[in-house]
Amino acid sequence: MSSKMEIIARRSNERGHSNAGWLDSYHTWSFSSYHDPKFDNGFGCLHVLNEDRVEPTKGFGTHSHKEYEIFTYIVDGELEHKDSMGNTEIIHRDEVQFTSAGTGLQHSEFNVHQSLWVHFIQIWVKPNQSKLQPSYTTKKWSDKDKLNKLCLLVDDIKNSNENTIAIHASLSMFATILEANQSIKHIFKRNKGFIHLIMRSGKEATNIAKIRLNQSIILEEGDGAFINCETSFNELSIENIGQINAEFLLFDHE
């Protein structure tokens, strides 16, 4: 199948970065004190992708959100969520916590572990309708579910089922743990995509995960890539060319 798409790398060392001691955070788009005019408005409905590490017993105090679909993918550790809807939950590795902020809510997020840092990806998506009723859900997928395949975690509410988290946006999010020398393909249903290779090994590691997109663009841990499709049903190949497992998130969206 012929493939017409533009792939633009977003290198890890070019992301916004802030380190408050208790919080080490990388921003794909402008966020908080990080501002870059080229990355102000997200990419389609995908507006925020932050890769955060939070120190034990520290976290984000109660704060407000509205008019965003917000979800958290736990990489390592555990994170306590409390919100104004009465939800209190500790989420762990393999879990995704989803909040539809809608007309508005307040929540807090804390690493309640006494000794281990928590590492997570937080994503904000602009919904396709306003003034939604706030809602909350959590779902779990094992590493086996993600091994060498695209595991669908989040999907447009028009298509979602009991095995996925429903989002009010034309967006699907997949997670994959790709072993060395393995490859996988995805055919896009929408006109945009984004892929983020999670920084599992840490900033100082030398043996890191590497993937290659369509036999050309190489991403290392912390890197991402914007994907523009000229027409629907464009195929992306993802190959693990490193020596260790590569864990990544793939978005198919408008």
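Heads up, the Cβ atoms here are built off N, Cα and C, so glycines get one too.
Not measured: the values here are computed from a predicted model.
Listed in TrEMBL for this protein:
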- 14-125: domain 'Pirin N-terminal' (DOMAIN)
- HIS63, HIS65, HIS107, GLU109: Fe cation binding site (BINDING)
- 159-252: domain 'Quercetin 2,3-dioxygenase C-terminal cupin' (DOMAIN)
Would you find the one among the binding-site residues HIS65, HIS107 whose Cβ has the most company, meaning other Cβ atoms within 10 Å?
HIS107
Within 10 angstroms of the C-beta of GLU109 (Fe cation binding site), what count of other C-beta atoms is obtained when all protein chains are considered?
22
For HIS63 (Fe cation binding site), which residues in the same chain are close in space, meaning a Cβ under 8 Å from its Cβ, but six or more apart along the sequence?
GLN106, HIS107, SER108
Check HIS107 (Fe cation binding site) against DSSP and tell me helix, strand or coil, would you?
strand
Starting from the Cβ centroid of HIS63, HIS65, HIS107, GLU109, which together make up the recorded Fe cation site, report each further residue of the same chain whose Cβ lies within 8 Å of that point, ordered by sequence.
PHE60, THR62, SER64, ILE70, ASP83, THR99, LEU105, GLN106, SER108
Taking helix as H, G and I and strand as E and B in DSSP, count the residues of the domain 'Pirin N-terminal' (14-125) in helix, strand and coil.
4 helix, 67 strand, 41 coil
Give the residue counts of the domain 'Quercetin 2,3-dioxygenase C-terminal cupin' (159-252) per reduced DSSP state, in the order helix, strand, coil.
0 helix, 49 strand, 45 coil
